[in-house]
Structure formats: structure tokens, C-alpha cells
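Colleague: First the structure, which I've put down as C-alpha cells, then a few questions once you've had a look.
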Amino acid sequence: RCPWDPWCN
């Protein structure tokens with residue numbers, strides 16, 4: 001779920 005997920009960025 002990147003890069004639109006903050007915890008993945």
C-alpha cells in the first residue's frame with residue numbers, strides 16, 4: 001500500500 005499510505009512512506 002505505498003506510497004499513498006503514510007505508515008509506508
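Each position is counted from 1, following the chain as shown.
Keep in mind that glycine also has a Cβ here, set from the backbone N, Cα and C atoms.
Per Swiss-Prot, the feature disulfide bond maps to Cys2-Cys8. The asparagine amide annotation in Swiss-Prot covers Asn9, and the record cites experimental evidence as its basis.
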Colleague: For Cys2 (disulfide bond), what residues in its own chain, 6 or more apart in sequence, show a Cβ-Cβ distance under 8 Å?
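Modeller: Result: Cys8, Asn9.
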Colleague: Near the Cβ of Cys8 (disulfide bond), how many other Cβ atoms are there if near means within 10 Å?
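Modeller: Other Cβ atoms within 10 Å of Cys8 (disulfide bond): 8.
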Colleague: How many other Cβ atoms are found within 10 Å of the Cβ atom of Asn9 (asparagine amide), counting all protein chains shown?
Modeller: 8
Colleague: Based on DSSP, name the secondary structure state of Asn9 (asparagine amide): helix, strand or coil.
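Modeller: Its secondary structure by DSSP: coil.
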Colleague: Any idea what DSSP makes of Cys2 (disulfide bond), helix, strand or coil?
Modeller: coil
